[in-house]
Amino acid sequence: SQYSPYYNSHHYNSPYLTSSNISPAAITAPLAYQHPEHPIMLPNHSPESHTGKNLFIWDLDETIIIFHSLLTGTFSTRFGKDSSKAVSLGLWMEEMIFNLADSRLFFNDLEECDQVHIDDVASDDNGQDLSTYNFGSDGFQSPAGAGSLCLGSGVHGGVDWMRKLAFRYRRVKEIYNTYKNNVGGLLGSPKREEWLQLRREMEVLTDLWLTQALKALALINSRPNCVNVLVTTTQLIPALSKVLLYGLGSAFPIENIYSATKTGKESCFERVSQRFGRRAVYVVIGDGAEEETVAKKKNMPFWRVSCRADLEALSHALELDYL
């Protein structure tokens, strides 16, 4: 995984696990902080059934969420934050991301069999009832590890093995759809309490960055002819874990999430435009050079997010119907 150096070499005996360093005043102040389990999102509309659609293609890391820059120290340096606290919170969130991915979303099985989209292996699924299926003893993991069966950009395995792979992605989809508005229920206690505390502390450290992003996402979701799409360089399973833990499940139906790890963002943008049609209006929102380059190449407007004020300006533009 892209963060394996952090994940493999750190132990998570963080002081933030047992005590909060946020003052009570910071928690009780009238901040526009949305409870993580109940984000204000209107039901997502089916975009394909509308004409005149407007597609907002979002990047994830350092655009909607602050994560990687906490680990590298970039965020604390840029915005004058406590670097040791930023790293501790980043490591804590990283542990939660991979713990959820491994324990609930089959990341141990699927890491070497990454897909761009949740339905990419659905054609190998025979629709078998999985309610009593035992994923732990179905022989999916070969003695040499499944990685040998997942070579290059495709997956290479027998029909039986491919079906087992498809079962895992189907179950991931079911879990996402069941818990997208209630990741606390998926985590269970005491992880839920730990997660709530972590979310509170990260929001204070990042000056409510996520809250501001959620506002823009909710404004887009509230429109019948608009839809949010996510294209991220994170592998699909950890990306889904991030989306759930950061409370973004209501903003992004799982079918609207694409991983560009293997193929790059241009390929993903092409898939999105093929799906929603050339006549739709596309707006790309991100912080990186790759999505900006692809947007320019495809003549899509690009909204750069380099600080929280850029997200505020985006919400303002949406409220005034400029976008």
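Every residue gets a Cβ built from N, Cα and C, even glycine.
Remember, it's a predicted structure, so these values are computed and weren't measured experimentally.
Annotated in TrEMBL:
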- Asp59: active site, nucleophile (ACT_SITE)
- Asp59, Asp61, Asp287: Mg(2+) binding site (BINDING)
- Asp61: active site, proton donor (ACT_SITE)
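Here the C-alpha separation of the residue listed as 'active site, nucleophile' and Asp287 (Mg(2+) binding site) works out to 7 Å. Of the recorded positions Asp59, Asp61, Asp287, Asp59 has the largest number of other Cβ atoms within 10 Å of its own Cβ. Of the chain residues outside the Mg(2+) site list Asp59, Asp61, Asp287, Leu60, Glu62, Thr63, Ile64, Thr232, Gly286, Gly288, Glu291, Val305 have their Cβ within 8 Å of the site's Cβ mean position.
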